[in-house]
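Among the features that TrEMBL reports, GTP binding site is placed at 152-159, 234-238, 292-295. The feature coiled coil is assigned by TrEMBL to 57-91. Annotation comment: TrEMBL describes 313-326 as domain 'SRP54-type proteins GTP-binding'. As annotated by TrEMBL, region 'Disordered' applies to 23-48.
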Amino acid sequence: MFGKLREKLKKFTKQVEEKIEEEEKAVEAPMAGEEIQKAVQESTETEGEKPGFLGRLLQVEIKEKDIEDALDELEIELLEADVALETVEALREKIKEKLVGRKVRIGTNKGKIIEEALKEAILEILTPEKKIDLLQMIKSKEDKPFVIAFVGFNGSGKTTTIAKLAHWLKKNGFSVVIAASDTFRAGAIEQLEEHAKRVGVKVIKHDYGADPAAVAYDAIQHAKARGIDVVLIDTAGRNELNRNLMDEMKKIARVTKPDLVIFVGDSLGGNAVVEQAKQFNEAVRIDGVILTKLDADARGGAALSISHAIGAPILFVGVGQGYEDLRPFDEKWFVERIFGED
Ligand SMILES: Nc1nc2c(ncn2[C@@H]2O[C@H](COP(=O)(O)OP(=O)(O)OP(=O)(O)O)[C@@H](O)[C@H]2O)c(=O)[nH]1
């Protein structure tokens, strides 16, 4: 996971480290290495925790010029890794904020300081303005069912994801029914039924060509009549966005008044997926995102950008083809995956 992204960030760390070392050499020049360490040690011991007088002399401040070149390179590489432009720019500013002016004592582990700054910057980018606790939301809704509509392009893994989420909800004690509102793509209904059967969930369906909003409406009525907790609405994707699709989405939203609209995107699609999400967000407000195929994603561009770009949190990530392979998203976990080993 994210091998390429990791490489780029490591390269940045190394470049900045070398620059700081150059600054250090200028400070160190008049003294020999061992003398410096000793002087810093003694000075700190006499003045407590904080660096003492000599310690202060023997520290360097990271300057903008030390990181500018490395940031320029990182910016290009992140764009190549399909991180959205506005996210790259925001990340650049945050990294700068965290590093410029920072005082580094000679002899300390500079790589660690730089890596921590990168981690913090990425964590801030990933942390959405609003968070969603799905289980809590479902529990606290008084009039059942809780309705979730899924939107996204063809091939994004939407159908598999709906089955994974149904499985996860069942494991958490909720009853679920699925609306087969993709009445457009040949085979979509059978495919959904097959997945639903495997996870033990009923599908409400009409024929192909039927009104998707009517199918969703029926599923909600079915849930109401039987006290089912959650309705998951599978909507049609297209290969490209068009007016019909957006009008269809708007009608489903009008008729079913979903509690949540979740955008399902293939993380391998990179920036294109972020653009899709933005367009859906303009038509029907997206409340949350599920990114699929993260297990196969070396670049991490979509994952890094999507929350920041549309202001909605990533709720889950798909990390494999099995029904268990859906992971509630956690920013810290994500950052650890980027910096840790696979
Ligand atoms: N490795 C991996 N594969 C996934 C993941 N999610 C889905 N897939 C696979 O992606 C392929 C497409 O998924 P489907 O759910 O069939 O998606 P689709 O029907 O093409 O697309 P929709 O029209 O969006 O439903 C299938 O082979 C899935 O097993 C994931 O998180 N990781």
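Glycine residues also receive a Cβ, built from the backbone N, Cα and C atoms like all the rest.
Source: prediction; values computed, not measured.
Positions of TrEMBL features highlighted on the structure.
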residue: GLY152; record: GTP binding site; Cβ neighbours (10 Å): 27
residue: GLY155; record: GTP binding site; Cβ neighbours (10 Å): 12
residue: LYS158; record: GTP binding site; Cβ neighbours (10 Å): 27
residue: THR235; record: GTP binding site; Cβ neighbours (10 Å): 27
residue: ARG238; record: GTP binding site; Cβ neighbours (10 Å): 15
residue: LEU294; record: GTP binding site; Cβ neighbours (10 Å): 26
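On the 0 to 100 pLDDT scale, the coiled coil (57-91) averages 90 in the predicted structure. Beyond the ends of the domain 'SRP54-type proteins GTP-binding' (313-326), by six or more residues, the same chain brings 126, 128, 130-132, 134, 157, 160-161, 163-165, 167-168, 198-199, 262, 267, 288-295, 303, 306-307 to within a C-beta distance below 8 angstroms of the stretch. DSSP gives LYS158 (GTP binding site) a helix state. THR235 (GTP binding site) falls within a strand when secondary structure is assigned with DSSP. In three-state terms derived from DSSP, GLY152 (GTP binding site) belongs to neither a helical nor a strand segment and is classed as coil.
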